[in-house]
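> Sharing the record's features from Swiss-Prot:
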TOPO_DOM  1-36  topological domain 'Cytoplasmic'
TRANSMEM  37-57  transmembrane segment
TOPO_DOM  58-80  topological domain 'Extracellular'
TRANSMEM  81-101  transmembrane segment
TOPO_DOM  102-115  topological domain 'Cytoplasmic'
TRANSMEM  116-136  transmembrane segment
TRANSMEM  139-159  transmembrane segment
TOPO_DOM  160-171  topological domain 'Cytoplasmic'
TRANSMEM  172-192  transmembrane segment
BINDING   Gln173, Gln284, Gln285, Trp408  D-hexose binding site
TRANSMEM  194-214  transmembrane segment
TOPO_DOM  215-273  topological domain 'Cytoplasmic'
TRANSMEM  274-294  transmembrane segment
TOPO_DOM  295-312  topological domain 'Extracellular'
CARBOHYD  Asn302  N-linked glycosylation site
TRANSMEM  313-333  transmembrane segment
TOPO_DOM  334-337  topological domain 'Cytoplasmic'
TRANSMEM  338-358  transmembrane segment
TOPO_DOM  359-385  topological domain 'Extracellular'
CARBOHYD  Asn368  N-linked glycosylation site
TRANSMEM  386-406  transmembrane segment
TOPO_DOM  407-425  topological domain 'Cytoplasmic'
TRANSMEM  426-446  transmembrane segment
TRANSMEM  448-468  transmembrane segment
TOPO_DOM  469-497  topological domain 'Cytoplasmic'
Amino acid sequence: MQEPLLRTEGLDYDTFPEVPATPGERERAGALKNRRVFLATFAAVLGNFSFGYALVYTSPVIPELKLSSDPALHLDKIQASWFGSVFTLGAAAGGLSAMLLNDLLGRKLSIMFSAVPSAIGYAIMAGARGLWMLLLGRMLTGFAGGLTAACIPVYVSEIAPPDVRGALGATPQLMAVFGSLSLYALGLLLPWRWLAVAGEGPVLIMILLLSFMPNSPRFLLSKSRDEEALQALTWLRADSEVHWEFEQIQDNVRRQSSRVSWAEAREPRVYRPVLIAVLMRFLQQLTGITPILVYLQTIFDNTSVVLPSQQDAAIVGAVRLLSVLIAAVTMDLAGRKVLLYVSASVMFAANLTLGLYVQFVPRPLTPNSTVEIVTLGDTAFNYLTLIPLLATMLFIMGYAMGWGPITWLLMSEVLPLRARGVASGLCVLVSWLTAFVLTNYFLLAVNAFGLQVPFFFFSAICLLSLLFTGCCVPETRGRSLEQIEAFFHTRRMSFRP
């Protein structure tokens with residue numbers, strides 16, 4: 001009797017006995033299979049590099065333009081506030097557009113499209129001859145940033161296998177931090193116009209690399225492009241044996257082939273994950289991260305640290321990069337919730353310290369200098385002026401270890417596939433509208449009430465974030481996107497039975 005070409009393998013099927021792979025062989029095989037996923041992820045997160053670079057562009061530029069002799073470019077307090085905050089307004093518009101583009105063009109093409117407003121915005125700022133050009137360029141780069149913030153985490157989560165999704169999910173934040181650090185470093189060397197010119201480079205490289213990368217298999221399946229989806233998954237896994245994973249994804253997509261109706265949106269399986277993702281992005285901004293990053297040098301000038309504010313900003317950027325690297329390594333080991341707890345606790349301590357310092361420690365007559373006072377000698381005061389730098393480093397470290405990267409990752413993990421494109425855009429819209437309000441009114445609040453008031457407010461939000469994590473956020477470590485989505489069909493608060 002002729003043997004079938006394919007048959008089910010049983011316990012007695014030993015025609016081709018297998019020798020168990022050694023740990024080293026398994027590690028090399030896994031690295032080989034993940035190499036293409038890493039390449040596709042790197043190509044995508046170059047958009048986050050540009051986002052991080054553009055976000056803090058004002059940090060070295062505002063002090064320079066405040067001293068500008070050109071009346072068309074000189075900034076007063078109100079203009080500086082708008083120059084710093086209009087980026088977030090553009091980012092909110094980018095998040096709004098992502099609600100349409102994410103599902104219309106797909107994740108990859110939406111990321112590539114973001115390069116257009118980004119490149120134009122940098123070019124306008126580089127050649128700015130008036131405040132309106134600075135604001136327009138800043139808003140365009142913000143629009144690109146909001147679009148990438150909604151599209152890149154979704155793309156990365158949909159192409160990554162579960163065992164490395166936590167580490168790869170941290171790369172958007174990692175590259176955003178690296179972009180900010182690059183801006184701080186270049187700000188020590190280049191004038192503000194050339195900083196805008198330098199921002200064009202990562203955008204062009206991103207377009208070039210993404211042209212050769214596949215689209216998300218889940219998106220392709222949702223558009224009934226099954227053959228392309230299988231080819232994309234096979235390329236990403238560097239393996240022809242992807243049919244089991246492909247069938248899992250295909251079954252899940254087919255069950256959710258239609259859009260979410262308003263009636264379904266009121267069901268817990270839909271609104272619970274969306275609400276968790278939106279509130280996480282809302283609380284993330286209320287911790288104070290965006291105004292602190294945008295006005296970092298201004299904060300250091302007002303707290304009179306020992307080192308020049310430009311060097312302080314670069315040091316903080318380096319600490320932020322190191323912290324995100326730690327989060328990327330530990331996220332799949334410690335889990336998401338542990339890092340969120342640690343992150344919120346550290347940010348609370350840092351914000352409270354900054355508020356108490358501003359409230360009770362007297363300032364010198366001029367920034368970055370010391371004077372003799374009755375209660376404190378010169379040496380003691382010099383040591384005290386390290387507190388704002390150390391506390392800011394602690395805040396950035398806490399944020400970058402948890403609430404920075406994990407909110408991006410969880411947004412893409414918990415959102416249901418049928419609503420993922422629209423809901424991720426909604427998350428970014430809420431996030432950046434919140435950031436706009438905070439950034440626009442931060443300097444006004446400081447001038448009216450003092451620098452300590454915003455820091456006390458941020459510390460209270462960090463306590464609220466701890467409570468929210470414990471009550472509402474599920475642990476998604478090691479779960480496939482299909483398992484996470486199935487979990488929200490239950491009414492349990494944890495994966496544990």
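Cβ coordinates come from backbone N, Cα and C, glycine included.
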> Counting only other Cβ atoms and using a 10 Å cut-off, which of the binding-site residues Gln173, Gln284 scores lowest?
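Among the binding-site residues Gln173, Gln284, the lowest count of other Cβ atoms within 10 Å belongs to Gln284.
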> On average, what pLDDT score does this prediction assign to the topological domain 'Cytoplasmic' (469-497)?
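Looking only at the topological domain 'Cytoplasmic' (469-497), pLDDT averages out to 73.
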> What whole-number Å value do you get for the CA-CA distance of Gln284 (D-hexose binding site) and Asn302 (N-linked glycosylation site)?
25
> Would the transmembrane segment (448-468) count as touching the transmembrane segment (139-159), i.e. at least 3 C-beta pairs under 8 angstroms with sequence separation of 6+?
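Judged by the Cβ rule, the two regions do not touch, with the required three close pairs absent.
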> With the transmembrane segment (194-214) as the reference, find which of 37-57, 116-136, 274-294, 426-446, 448-468 contributes the most Cβ pairs under 8 Å.
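The stretch with the most contacts is 37-57.
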> Sort the residues of the topological domain 'Cytoplasmic' (407-425) into helix, strand and coil with DSSP and give the three counts.
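Result for the topological domain 'Cytoplasmic' (407-425), in helix, strand, coil order: 17 helix, 0 strand, 2 coil.
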> Within this structure, do the transmembrane segment (448-468) and the transmembrane segment (116-136) have 3 or more Cβ pairs under 8 angstroms, counting pairs 6 or more apart in sequence?
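Touching, no - the transmembrane segment (116-136) and the transmembrane segment (448-468) miss the threshold of 3 or more Cβ pairs under 8 Å.
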> Checking distant contacts: for the transmembrane segment (338-358), what same-chain residues at least six beyond its ends satisfy Cβ-Cβ under 8 A?
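For the transmembrane segment (338-358), the far contacts come to 287-288, 303, 327, 330-331, 384, 387-388, 391-392, 394-395, 397-399, 401-404, 406, 450-453, 455-456, 458-459, 462-463, 465-466, 469-470, 473.
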> Thinking of Cβ pairs under 8 Å, which stretch from 37-57, 81-101, 172-192, 274-294, 448-468 has the most of them with the transmembrane segment (386-406)?
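Against the transmembrane segment (386-406), the leading stretch is 274-294.
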> Counting all other Cβ atoms within 10 Å across every protein chain shown, which of the recorded positions Gln285, Asn302 scores highest?
Gln285
> Applying the under-8 angstroms CB criterion, which one of 37-57, 274-294, 426-446, 448-468 scores highest with the transmembrane segment (81-101)?
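So the stretch in question is 426-446.
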> Express the distance between the Cα positions of Gln285 (D-hexose binding site) and Asn302 (N-linked glycosylation site) as a whole number of Å.
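Checking the Cα atoms of Gln285 (D-hexose binding site) and Asn302 (N-linked glycosylation site) gives a distance of 22 Å.
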> Measuring Cα to Cα, how many angstrom lie between Gln173 (D-hexose binding site) and Asn302 (N-linked glycosylation site)?
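Between the alpha carbons of Gln173 (D-hexose binding site) and Asn302 (N-linked glycosylation site) there are 28 Å.
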> What's the CA-CA gap between Asn302 (N-linked glycosylation site) and Trp408 (D-hexose binding site) in angstrom, rounded?
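It is 32 Å, counting Cα to Cα.
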